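Report on one structure; see the data block that follows.
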Amino acid sequence: MKVSYNWLKKYVELTDTPEALANKITLTGLEVDNVRHPAAGLKKIVVGWVKSVREHPNSDHLNICQVDVGEEAPIQIVCGAPNIAAGQKVIVALSGARIADNVKIKKGKLRGAVSNGMICALQEIGFSDAVTPQAYADGIYVLPADAKVGASVYSYLGMDDAILDIEITPNRADALSMRGVAYEVAAEYGESVHFPEISLQEATKKVTDVLSAKVMDEQDAPSYNLRVLENVTVKPSPLWLQRRLWNAGIRPINNVVDVTNLLMLDYGQPLHAFDYQKIGGHTIEVRRAEKDETLTTLDGKVRQLTPEDIVISNGEKALNLAGVMGGLDSEITAKTTTVVLEAAIFDAAHIRKTAQRYNLRSEASSRFEKGVNRATVITALDHAASLIAELGQGSVLKGRVAPTSVTPTPVKVQLTTEKTNQVLGTNLTSAEIKQTFQQLGFATTEKAGTFTVSVSPRRWDIHIAADLIEEVARIYGYKHLPATLPASATPGVLTAKQQLQRRLAATLEANGLDQALSYALTTPEKASAFQLGDSYPTKVSWPLSVDHTTLRMNLISGLLDDLAYNTARKQTNVALYEQGKVFLKADAKTARPKEVAYLAGAMTGDWQAAAWNQEAIPVDFYRIKGLVVAVLADFNLTEAPEYLATTRHQEMHPGRTADILIDNQIIGFVGQIHPRVAKQAHIAATYVFQLDLDHLATLAKKKVQYQPVSRYPAVTRDVALVVDQSVTNAALKATINAHGGAYLTSVALFDVYAGRHIENGRKSMAYTLTYQNPQATLTDDQVNQAFAKVVAALQDEHGAKIR
């Protein structure tokens, strides 16, 4: 943000030099990169009046000019500018002058004609091409007729100013305006701001008689306001307006466009002007662009639009890219007589994406992205209408067209004196803190050391007490804050989520797995594989490559890429895990996906390497399932997990995959990947699991109860059951625990058998049941009675036959 010191002084009384001001505001949050004096290094540059012009006899492009520079007699200057003419007031560098780049002007001869100076273009005295008016881009600049001959040109051109180049951080978008900077400077100096009053004269003709507007989606434009001016004369802006623009780095164009730019700098509110006659239909519609719709923007380029773009249309075709750049077909020209002025608030996310998509970062788009002051949208619009009417001799139609609008309300935040001093290490009084808020322009009430601060809408970065404490620190001065030790110890504490992550990592690493970190961006095919549930993919607008276009919806695809990478380098025994976020959308129309924490593991090759005394043990389903059991034990769940065979995962082996359920809810799956998938990935047989950590975190947990070691012996009973193949271990253990009685302390499966002497479709499962009374020695009768109830329940509920 380029801030004119002279302009700032019109809003705040300042006595400090520009350099002193820059140092002060840099120390309190607005960092000034540099202070530039436009006239620095220049000398002997004055206003001249061209009395006569004649062609140079020895040149086809040079002219010999007699120029009055306020001396006793006119001086002769040879000039090659194509727009030189008698009667003009021009910029003259006298003999001995210094112009841009420290060039010294000397008396000399050009093609035999004496030249006693130089008639200058703006670029030759330090102006950049970017701010030079187009009419003078290839010639000399012509000063107003009232410029005093012989006077220094610096004041006429705004070069007697100082320009503060301020680096605005994203959280201080309120300072992207002269008024925002004025409030900041006034607060730091304890001064008041003084803004000129707006006087708007309206005609009797109503704006609704000539224009209507509608917003298709209020979220795209929560505030959209229009005014219409008639009988406007479009012409170059007066010099005072041009000075303010080029000192801010903006090229003057004409009085209508220049006013919109001027008030954008003043209020931080982007404005746009349309030629009413070019709108067609005399209606404005704010909508999303249609697929393959095109728009020719002001830079002459044809843009292929997408439905993600917000456009302003006339009901038939797009007129401009909302908040980014106007359209060529509705631009203001010298023939424009009726002007439509727009002041709006557009959705920041869409403006940012549109600006990035077309590489059209503008002053307007950057302000919409960071936020604008909702309280001054209408004020800026009315001010612009008033100024255009004044400069263009037009009339403002009565009223505004406003299909959407917002009513800004101050944010109320509470803060105590005690908390402020505790955080800052200061001993500020309540009166001093209240004074700070008053300097900032915040209405404040205080009762018993507790402040209720009404934060102005112009400071939309302030929401909580910590924000107010920061404001107190800034205005008080960071350099005045004492160096104090913390009032109390503040040891670091892991959150419950962090503790769980570390427990899971410890469990998996203790079982031989290494942690992997995979890309969150992948291909659409890999993103959609290995899903726990149905989800729609999320594609990014600017992918790094064709292999990184879509946000992942599983972790296994990334782990398989990691296994393939290691396998290709002769690492055949690999076990990896990853904890990370996946991005899920239940509805394809949802703009942003939901981030869900998953845990996944993948193992290939041998679990145990061959040695002289043992053979290699390859990874199998039971090894990966045992790993899942160990992981789920870290959650200490009240409900035991069930493992049900499934064929719903196309990427998994149909006979070696199981869904993991708790309380009939799928929380993951485990199994072998399909041989087809393994072949495509160039890896050997691979076993994987994937769990929904966020879902698991919501399930009921057991309470940890510590008990002393019993002094009394435990008693065990073994039971061998013949049951159907479909009966699971989890179901049998649940029955045993439910009917085992108060003294049953553990149930352990020690044998599974199917084959000879066992009927087809049946299997034998043998368990050891342990009983123990912490208060006394159990008798055989007590154990036998409890054991009999378990046997009966197994027979009734599962058709078990006791072997």
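Don't overthink the numbers, they just go from 1 along the chain as shown.
Positions of Cβ are set from backbone N, Cα and C atoms, glycine also.
TrEMBL lists 39-154 with the feature domain 'TRNA-binding'. Residues or ranges marked as domain 'B5' by TrEMBL: 408-483. According to TrEMBL, the Mg(2+) binding site annotation covers D461, D467, E470, E471. Annotated domain 'FDX-ACB' per TrEMBL: 710-803, in sequence order.
Same-chain residues that are not part of D461, D467, E470, E471 yet have a Cβ within 8 Å of the Cβ center of the Mg(2+) site turn out to be R459, I462, A466, L468, I469, R474. Averaged across the domain 'TRNA-binding' (39-154), pLDDT for the predicted model comes to 94.
Taking the binding-site residues E470, E471 in turn and counting surrounding C-beta atoms within 10 angstroms, the largest count is reached at E471. Listed in sequence order, V413, D461 are the same-chain residues six or more apart from D467 (Mg(2+) binding site) with CB atoms under 8 A from its CB.
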